[in-house]
Every structure is written in C-alpha cells, then in structure tokens.
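For 69-514, the entry in TrEMBL reads domain 'Major facilitator superfamily (MFS) profile'. Summarising the annotation, TrEMBL assigns transmembrane segment to 70-93, 113-135, 142-162, 168-188, 200-218, 224-245, 307-329, 341-363, 370-392, 421-447, 459-476, 491-510.
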C-alpha cells in the first residue's frame, strides 16, 4: 500500500505546526532556521489552542483572508489551460476542412489527419519534461509567461502554412506549450491558494481546458481553419499580459531565500489583514531544509510514495479510454439521427463543461477520494454498457479494421444508420463523459500539484505530465489496432475493467487532501506508517 486512506487531523503526529506564545500574541520574532523551528512540530494534541474550543491559528488566519486578488491571479493563470483547450479542440473543425482542401499541398488523407491530431501529444510530452526543469529554475510565473511564445508561434505557422509539414510543426509547437501549461498552472494555483479553496481553484484548470475545447467547436462552425487559428492566438496573448502583473508563488520565492518578495506576494494574494509572517514561517519550516533534488532521494518514502501515486493517476486517467470514446462521439450521434456532426461535438463539449463545473463547486466539500470513486464507478458502468451496445449491433471483427481515428469519418458505420439501440450508445457515452468530468478529469491534475514535496515538485510533476501525454499518444495511435485485436466491444470492456482498477487504486492508495495545507500533506508522507 502506497498510502493510507487519509491524512491525520491537525495536531496529531506529523500534523499542524503550533506557534509559540510570543507569535500568538502578535510579537514579531526573528526568523528561525529549520532546526530551531522543528521542535514546534508534532505537538501533543492536548496542548493545542483549539483543544479548549478556541480557534486555531490557521482558522484565525483564514478568517481574515481576502481572496479577490487570488481569484484574479487564478484567472490569469487559467488562460493557459484555456489556450490548451483551444489546441485540443482545434483539430475537430480543422481536419474536415483540410481533408476537403483544394490545395493538394494542404489536403490531408486519413493517416495525415491522424498525425495532425496526435502530434500535439508528442509535443506535450516533450513540453512536460521541459516544464519540469524550467519551473524549478526560473519559477512558476516566468515559465507560464514563456510558454505563451510556442502557443502564438505555433498558430502563426499554421496560419501561414503552405504544406502539411508546416501544419505538423505548428501543432508540435502548440503541443510543447500545452505540456508546459499542464504542468505549471496546477503548481502555480496550488502554491498561491490556501487550503480552504484550493480544490475549487485547482479544478478550474480542467474546467478551462474543456471550455477551450467547446470554444473551438463553437467557433469552428463559423470560421475557416486559418481564421480559427487567428482566434486561438488571443488567449495566450492575454495570458502573457495579465501574468506580468501577477506575483510569483510565495513557496518558490522562499525556496530562493527571497523573503521580502514572498511577503509582498502574500500581501497581494491574502490581503492586508492577515499575519503574512505566520504563513511564511509555516512554509519555511518545510522549505528551509529542502535542498536541490537528486535521483538518490527517490529511495525516500516521502518522495517515491507520492511520485508513484501521481504517475499511476495519470496512467489510469488515460487508460480509462476517454479519448477513444471521444473519437467515436461524432459517429454515435450520427447513428442516433443527429445529422449535424458539429452540433454533436458541441453537445459533447457542453456535457464536459457542465459537469467539470459541478465537480469544481463540490470539490472542497465532498473531498477528492469520494469524487474519484463515484467517477470511476460511473465510467466503468458506462463503458460496460457501451461494450454491450457494440456487441449487439456492431460489425464483425473482420470489418473492425475500417475504424479510422482520431475523429475522422469512419469508412463504414459502426452500426446500421438509425439503429433502434442508438439511444443506448448516446446515453452511455454521455454518462461516461459525465463521470470523467466529475472526477478523473480534473482531480489527477489537482492531486499532482498537492502531494509532492517542494523540492521534488518540478521533476515529479514533469514525470506525471510525461506519463499522461505518452499514454494519450498511445491511445490515440494504437486504439485502431486494439479494436482489431479485441473487437470494439472487447476494447470497451477492457476500458471498463481499467475503470474498476481506478476505484480500487483510489480506495487503498490515494490520500484525501481536502482541507489540508501543502505542508500538512508533506508531513503525512514523511510520517512512518
């Protein structure tokens, strides 16, 4: 077992930091080293201030926090995931246009269309690896600002494309930017937020991704592919401008021994009414003794346990089959007499946005684990029904080789058009997307930003992002062969089994991080169990 079912309450062993009386009564003590601060950790619960019914220092602190500027910083940061969503959604309206292009240098066949869609995942895998390095070297803020450049240059190359290779290059650059974004933004939001609303704000990452996808679907119905690329340049430009006025994260600044700048960042993020020195001391209790990360430290359970949890969650997210299901969406709606394929993709995107927003609203009330479990159960049941649908109505295994992915029209229909059971496919697909949006869509990215120690956050998050995007590429490129080997219904039953494994993994391995500070989460993995 990698980790227990939850994190101990504040005040137990490995729990909350209790301040000295001089700090509590408002005196301004000198900054303490990590060694001086360590005896204040792991207090006896009976000595805690809130043991007698009085509010704890954290509760007093949070009661005075003003979140307005934190919301502004989060809005600026999630323009990155919005740009990322436009990258993912761009291929859906662009590919049909490019396949009908009058210019033979730009006309895509099925194989080229598949690469046009999937090359983004290779770029994102490289971007995740690069992001894991630069986020700890130049900081979260500057990394996020720099990733706007490949976004803009990538779409500019697509706008000016004269041949297929320019299209590939533009998509590859956009993929690199997407990989950096998917790593840096969750870390930035996690390190600037406080425990009371970190779940809600962290869920905004996935919410803005699916909003960007839906935005690309909607605007793609009215704009040609070049003009759609022009529109896709706008969000990263706003990201660059707004992030210039946002602070670096206090945790990164304190790790760089830039204490005055950390105080200024906290003043911006928390407002003027709180004790900023108190939060700095809490962060420094952990950051002060953390040196540069080395590979040898992965033998430390405090490192490898959260690392394995994070990588496994990214693996399971993609192995659930969400991308494969999305590839079938257009055809399924057509079989159910939804003749307008553009309307079908908008419906799918709207389902994602609505239920991702629902997950964000309840994240800090229900907790991460319960949503992951509910999500996995819904996805497993939906994939099972989806497999039954294919088993009853689908083509024979000899015809399954006609499947063309991703998101390209199938050479032969999966079922006869207007089949009376087509409603079952639409229903199961909708429930699968709903389940994914409630848990396994947003939560792995949130947990990734919460569980790693500060010194390992960059390299470990980079490994998680690399795992996610490599799995996305494999699902995109190899799903065709999997349907040939296992048949479509066997493939979706395999996805159903994977979703059940997700539930078991969550029950026994994923800790509950709701309401815990990042320092408490670190202490949980350090404590022997």
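Including glycine, each Cβ sits where the backbone N, Cα and C put it.
Long-range contacts of the transmembrane segment (307-329) within its own chain (CB-CB distance under 8 A, at least 6 residues past either end) are made by residues 2-3, 298, 344-345, 348, 379, 383, 386, 405-407, 414, 429, 432-433, 436, 440-441, 443-444, 447-448, 451-452, 456, 460-461, 463-465, 467-468, 471-472, 474-476, 479, 491-492, 494-495, 498-499, 501-502, 505, 509-511.
Counting C-beta pairs under 8 angstroms (sequence separation of 6 or more), the transmembrane segment (168-188) fails to reach the transmembrane segment (341-363), with fewer than 3 such pairs.
Looking at 142-162, 200-218, 224-245, 459-476, the range that has the most CB pairs within less than 8 A of the transmembrane segment (421-447) turns out to be 200-218. Outside the transmembrane segment (70-93), and at least 6 residues removed from its termini, the chain residues within Cβ reach (under 8 Å) are 116-117, 120, 144, 147-148, 151, 154, 171, 174-175, 177-178, 181-182, 184-185, 188-189, 192-194, 197, 201, 204-217, 219-221, 223, 225, 228-229, 231-232, 235-236, 238-239, 242-243, 245-247, 268-270, 342, 345, 349, 406-407. Under 8 Å from some Cβ of the transmembrane segment (370-392) lie the Cβ atoms of residues 320-321, 325, 359, 362-363, 414, 421, 424-425, 427-429, 431-432, 434-436, 438-441, 443, 487-493, 495-497, 499-500, 502-503, 506-507, 510, all in the same chain and six or more residues away from its ends. Two recorded stretches are said to be in contact when at least 3 C-beta pairs lie under 8 angstroms, sequence spacing 6 or more; the transmembrane segment (341-363) and the transmembrane segment (142-162) fall short of this definition.
Summed and averaged per residue, pLDDT over the domain 'Major facilitator superfamily (MFS) profile' (69-514) gives 84.
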